Amino acid sequence: MADVQNYRIYINGEWTGESLEPIEVTNPATGEVIATVPRGGRSEAEQAVQAAYDAFKSWSSKTAGERSELLMKWSRLIDEHKEEIGELMTREQGKPLKEAIGEVDYANGFVSWYAEEAKRVYGETIPASHPNKRILVQKQPVGVVAAITPWNFPAAMITRKIGPALAAGCTAVVKPAEQTPLTALKLAELAEEAGIPKGVLNVITGKSREIGEAWQKDSRVRKLTFTGSTEVGKILMKGAADTVKKISLELGGHAPFIVMDDADLDKAVQNVVASKFRNAGQTCICTNRVYVHESIVEPFTEKLTAAVEKLKVGNGLEEGTDIGPLINEEAIEKVQEHIEDATQKGGKLATGGKRIDSGQGTFFEPTVLTDVSDDMLCMNEETFGPLMPVTTFKDEAEVIQRANNTPYGLAAYVFTENIGRAIRISEGLEYGIVGLNDGLPSVPQAPFGGFKESGLGREGGHYGIEEFLEVKYVSIAL
Ligand code: ADP
């Protein structure tokens with residue numbers, strides 16, 4: 001408890017909130033309180049919007065080159081501090097340090113990519129049908145952006161929103177998840193150091209529902225961008241309706257991972273392990289269901305079990321750790337519930353299945369279940385933990401139908417060496433992202449987002465900046 005640091009929130013270029021009640025931030029690997037952050041509410045939410053609103057005029061009037069230069073400075077500072085940010089992230093979130101530093105690089109990719117993209121917000125002229133008219137199309141920033149982010153990627157979920165928002169000329173108010181606010185506050189500190197003007201980026205912590213409601217109701221907030229559960233996404237979507245805000249939602253997923261009989265088995269195993277166990281299975285594009293062609297299920301499961309048994313679970317700060325703790329006790333309970341349900345319905349444990357009782361922290365064994373059927377909870381609900389259910393299929397049409405039989409549509413994976421099949425299956429999948437022989441598809445330059453109840457809008461690439469731009473058509477009569 002000795003070095004618990006009391007953090008402050010960042011509004012209008014000031015570090016404030018010291019008089020607010022503290023929220024404790026704990027290290028999931030040890031259960032220790034490592035810091036506190038202020039429990040902000042409506043008042044802080046409104047102050048932050050006011051600051052962002054006031055800053056919008058001058059920020060949006062800067063040239064794209066000026067905004068780009070400041071974002072590049074921020075990016076350079078993030079790069080210089082990546083070990084420090086990575087360590088902070090591991091302490092508040094749990095993921096292994098190498099993954100945390102990898103996330104900082106990925107997160108920073110959005111800042112540098114959009115610093116470049118700021119200069120490419122092109123408009124258009126359209127040939128008019130009338131000889132004395134000209135049609136000019138301009139893109140303009142939407143205004144104040146509110147961003148609400150989850151705990152599983154404490155840096156990347158912020159920069160994926162704030163990089164394009166600031167590049168487009170918007171200003172922003174951000175509320176990170178209560179479990180992982182420290183990475184967010186560190187990013188804000190570096191933005192300040194980079195010279196991003198006061199009010200352009202504001203980061204507050206606190207009562208999520210109250211802050212969310214204040215931002216939903218505020219007509220000065222013109223865009224709401226959220227990553228998190230489908231349940232909260234629906235609440236925000238309804239709330240945004242009253243003031244007809246633009247909205248982007250990146251919600252839950254239930255990714256199928258399909259292994260055809262002609263797949264390269266070693267490649268498929270290596271990728272499914274990376275896809276499933278990265279961040280201890282706590283990502284929205286994590287594999288949730290593995291469909292293996294019935295003719296290869298035995299060699300596949302054998303190789304898979306051997307690979308999973310090599311994974312080392314432990315404190316993310318320790319060298320050689322592959323899987324850190326889960327975020328909290330509820331996360332452990334959910335994995336246990338899914339395993340109990342599956343084993344009661346005939347599922348068999350190939351490896352794992354239990355909590356690791358080390359006396360501290362929320363660790364769970366990486367688990368593989370076989371003899372799985374489609375009625376099990378784990379085949380329908382996001383486990384958000386290190387549990388991999390494996391089932392079999394007979395043919396292409398069947399597996400596409402079963403893979404699509406979910407309200408979600410974020411990521412899906414297909415492993416095959418047959419090009420015709422690869423194209424047929426990827427076209428048949430109702431998913432926003434398809435990893436074709438690729439278990440790790442997330443990159444800053446590609447559009448990330450889901451079909452169906454997995455969300456609205458896209459983050460990343462040139463698609464991502466469009467979400468923060470309005471289209472203005474100027475009709476000119478000569
Ligand atoms: P998760 O299951 O990943 O924690 P949530 O959707 O609960 O997903 O949380 C994602 C983010 O949404 C967090 O920052 C959380 O504080 C915030 N949040 C949760 N409930 C609400 C709400 N009712 N209104 C606004 N934000 C919310």
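Cβ coordinates are placed from backbone N, Cα and C, and glycine is handled just like the others.
The domain 'Aldehyde dehydrogenase' annotation in TrEMBL covers 15-474.
Residues or ranges marked as active site in TrEMBL: GLU250 (among others). Taking all protein chains in view, 28 other C-beta atoms sit within 10 angstroms of the C-beta of GLU250 (active site). In the three-state DSSP scheme, GLU250 (active site) is classed as strand.
Per TrEMBL, active site is recorded for CYS284 (among others). Within its own chain, CYS284 (active site) has ASN152, THR227, GLU250, LEU251, GLY252, GLY253, GLU382, LEU410, ALA411, SER454 as residues 6 or more apart in sequence whose C-beta sits under 8 angstroms from its own.
The predicted model assigns the domain 'Aldehyde dehydrogenase' (15-474) a mean pLDDT of 98.
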